[in-house]
Ligand code: NA
Ligand code: NA
């Protein structure tokens, strides 16, 4: 019997992918052995990231690691991929929301409609501003050209932020050539890992989201062709990837904030930042009004966050 | 069939089909889609080729390509360089070999105003070459001078080749352009040295201008001509200063350059509707040639990626051949030179650079420096038969008295000089890296 | 050559010429959009649409201009052997090898049509703030590729004529 071969392309470039994708794929390949092998491809290698979804839906690529937003998936939940502003505060929020508060079912259903298997959701890193000039007040956001997620860009533009679209791999160059002033994209760990910390100077501690929601997907037909034990193995290895990422990011956040000399930390006073948080609630209403599914997801976010606030310490420090 | 066999087969069949003389982009694309459909046809292998159009669309700096090409055509078609040529003619004419030396300097100035070698070739072959031949300059030498001099267009900023390299190697264009400047000037100096030495040994190669002819030029006119040299410097400054200071982005600077060249030609009364139309048409022709080759080569490259050709090349160089880092680097340059003889340089860049860049990175060589090495190699490839853009252009534009054999023979000493230049940049990376380190500390 | 073949040939060449001339002038639209983006950013407020619009224009430029550029003979060939052949030999070889272009462009069109169907079915939009629909540019690209295939068929007709010793007047690509 011949080896099953899959091609998986990640949204991440080679440097980040070495942390957030490769270990899990290597693990899967080592366990599956002759039965199945996954070939890993980094951002834009086979198809550009914007085409990832179509390529997977058609089967050009068997599986994908991405958030919904970056790969422009044509589903009702796309807007929640990447960073939905202030929906999560800690990295454990995402697995809780998906596994216990019902998001898994919604995602599974939405993707099944378009011929894609949603394998698993994970909690990725927080979203901060990392820029080449300090940000100490909301006014500093005016006119900042920033690389960010589409949804975050849509939200942030009300504060004068100008979202700029460049391929992920070109961000460092765009920073160097001053095409953009910074990113609103990740935490301090990723900024160091991919080299952005070398070409920027400031890190804003206020984040617009505590954890980004990212996923593994596959072509539905391909998934159904797999024997059940390989399905289980793949799900496990991908879960392991999310887990690895959680502690990798989390460990880096504290260490790099205190030890790294590359980025200077600044903050916007809490009272002023509260304006942004209030704006996020209004943004949620706007999104919820767009469709029933979106309303359902926003509702879950709202209930979850209310519960966490009520639970008080240690669940929510405020 | 093992993947490395398929990759080798793809490369081999591409070269073989190319020998039939069919249009290159078609051949490259053909091999790519046949391989993709054969390998992954049941799994949508056929849409790999089209997906590359989106990748091309995302390559924002690619927009500089038509701009720099247009700029070059405005310079050559509207005869903006006539005064420049006359300046060098008057000032360098009395020296043996001076007109050839002046032509090299002319090429340097033209290189600072366009991103390819086309404009330099056009100006060199139509303005400089007939004049030089009329004055009994050695045919072989001047034919070589123009081909070699115009190839500086891709090394001296702005450079389209370095923009392409920047997109593939993911390095900042600013740094690459800065890195190309000093080696470009160094090559110009080496060319001049070569010409000067040859003409000293044998003054018949480049006779000095008749003093009587020069006497007709008044001193005032002589100094006025110097002013014409300011024009290219002004265009260069208008284009580059806002860019380096961060006011304009790369593509916008290219637009600024194109518009300022147009403005100068209008101001000088050289622009007519017919010339504008010719420039626009030729820009379309050359831009399409490049973009279609890049699109096809991207598909080829995607299949290569799918076959993991990088791993195979890495294994070949590092494990199988057991070479040291410098040996690998030299081997890569040699392979580029060999491929450059037969392959379109752009296709070569898009297909081969993605395989080589990770290796260069792994060997811990500087990618900016490597970009300069690559570009000099490209310059050589532009001139070496059987396939080379400058050769084609020379053949198309040179006066009838210059034969094909002469064109081929003329480049030999200049290729030698360029290989020396390549060696110098390899041995002393600071030649390339000094300027970027000063400009971008 | 049969009359309807000649009619087809002239129609294809005329069509590609017209479309190509249109694409040719769009270079100035590209310049205008990019310049406007720079001016607006420096002068008042950054425009959200200029970058994507410029990208679309560049794609349209070389896709719709492709067939005309082929007419002008701009595509490079490896002419080591080709150059030494007689016109008849060249035409005979081209009759066969033109299918490399047709196959490549055909597969490109195949992928393009699927991608366009996707864009239409799901209302695909481009990433970023402006979020323009992708279907129009994909349709334009498909049209460009189709025109190039038609141009290849015109080349084939001309080459067959040359092999059979029939002279067809060259099209003047310089005319206005
Ligand atoms: Na140049
Ligand atoms: Na060559």
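Including glycine, each Cβ sits where the backbone N, Cα and C put it.
Record features (TrEMBL):
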DOMAIN    B:11-431  domain 'TRAP C4-dicarboxylate transport system permease DctM subunit'
TRANSMEM  B:59-76  transmembrane segment
TRANSMEM  B:88-110  transmembrane segment
TRANSMEM  B:116-133  transmembrane segment
TRANSMEM  B:145-168  transmembrane segment
TRANSMEM  B:174-197  transmembrane segment
TRANSMEM  B:223-247  transmembrane segment
TRANSMEM  B:253-271  transmembrane segment
TRANSMEM  B:283-304  transmembrane segment
TRANSMEM  B:328-355  transmembrane segment
TRANSMEM  B:367-387  transmembrane segment
TRANSMEM  B:407-435  transmembrane segment
Checklist outcome for this item: Listed stretches B:88-110, B:145-168, B:174-197, B:253-271 vs the transmembrane segment (B:407-435), most Cβ pairs under 8 Å: range B:174-197
Item to check | Region pair the transmembrane segment (B:283-304) / the transmembrane segment (B:223-247), three or more CB pairs under 8 Å | outcome: no
Next on the checklist: Should anything in the same chain at least six residues away from the transmembrane segment (B:253-271) have a Cβ under 8 Å from its Cβ atoms, list it; otherwise answer none.
Outcome noted: 63-64, 67-68, 70-71, 74-75, 78-80, 113, 115, 158, 231, 234-235, 238-240, 242-243
Next on the checklist: If you average per-residue pLDDT over the domain 'TRAP C4-dicarboxylate transport system permease DctM subunit' (B:11-431), what number do you get?
Outcome noted: 89
Checklist entry - the transmembrane segment (B:174-197) vs the transmembrane segment (B:367-387): three or more C-beta pairs under 8 Å (separation of 6 or more)? => result yes
Checklist outcome for this item: Maximum Cβ pairs under 8 Å to the transmembrane segment (B:88-110) among B:59-76, B:223-247, B:328-355 is reached by B:223-247
